[in-house]
């Protein structure tokens, strides 16, 4: 039987560590950590994600400064909002919920966030720190994957890792983190020819392609470890419900095809998703400790 990498359980364990770090630092800090999440427009998925992050903040004692901004906000207005949060002493982390409406310059807005308050690890300076192996905020989903692997004692060093997907949000930082852990890393993407021949060479396969059911039994080797970053809601037809064991959510991987073949896998839901939010909290608490002159007791949680 394969090992199921339970992100929900691990996220709860890490949240307890973060909560204890906050409570032990309050006497010196005189305030709780603060996280500002900016949501632009009425995208339903973004609304769900922001709500989930607010609940996570409540669980561990982080102040939430959520802002729901109008769909047609100008680049200048949103930049000014970010700048005001950069200067707000009670805010330790800022997250710009993606995707943004098409008229906004995502790269310019991410650059406008103070790198020291970059809760999502996407500022160019923090990506540069990742490349150089320096400490700093880390991209949340790849950081969650690394924690999931390490806490389950899955060896990375010396392994052949294949990352399917090359987004700045997941694929590229994921490859960098695996390389820093001494894996030999290959990145595959939509233009990769003969994807199965490449993925079957992997000891560790991380799939972040954003395509439902992209990976099946013909893509994986015996006893590999599969991390499924994707999450999708499928039409509720009978075939999908049967395959998904009566849930309407699926990932990029056909788990029902590979679960008897692999050594370990992350489920969808309950795998990478909870860890992504927990790493957002870890980035915020780490920044809070730094801003308040506290010992950096939780930085080991970030790769």
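Yeah, the Cβs are placed from backbone N, Cα and C, and that goes for glycine too.
With a 10 A radius on its CB, residue 166 (NADP(+) binding site) counts 18 other CB atoms from all the protein chains. The NADP(+) binding site annotation in Swiss-Prot covers 165, 166, 167, 190, 231.
Ranking the binding-site residues 167, 190 by C-beta neighbours within 10 Å puts 167 at the top. Largest Cα-Cα distance over the residues recorded as binding NADP(+), namely 165, 166, 167, 190, 231, equals 18 Å. According to DSSP, residue 165 (NADP(+) binding site) is assigned to coil rather than to any helix or strand.
Long-range Cβ proximity for residue 231 (NADP(+) binding site), meaning a same-chain Cβ under 8 A and a gap of 6 or more residues, is found for 249, 250, 251, 268, 269, 273. Long-range neighbours of residue 165 (NADP(+) binding site) (same chain, six or more residues apart, CB within less than 8 Å of its CB): 171, 174, 187, 188, 189, 206, 207, 208, 209, 210, 229.
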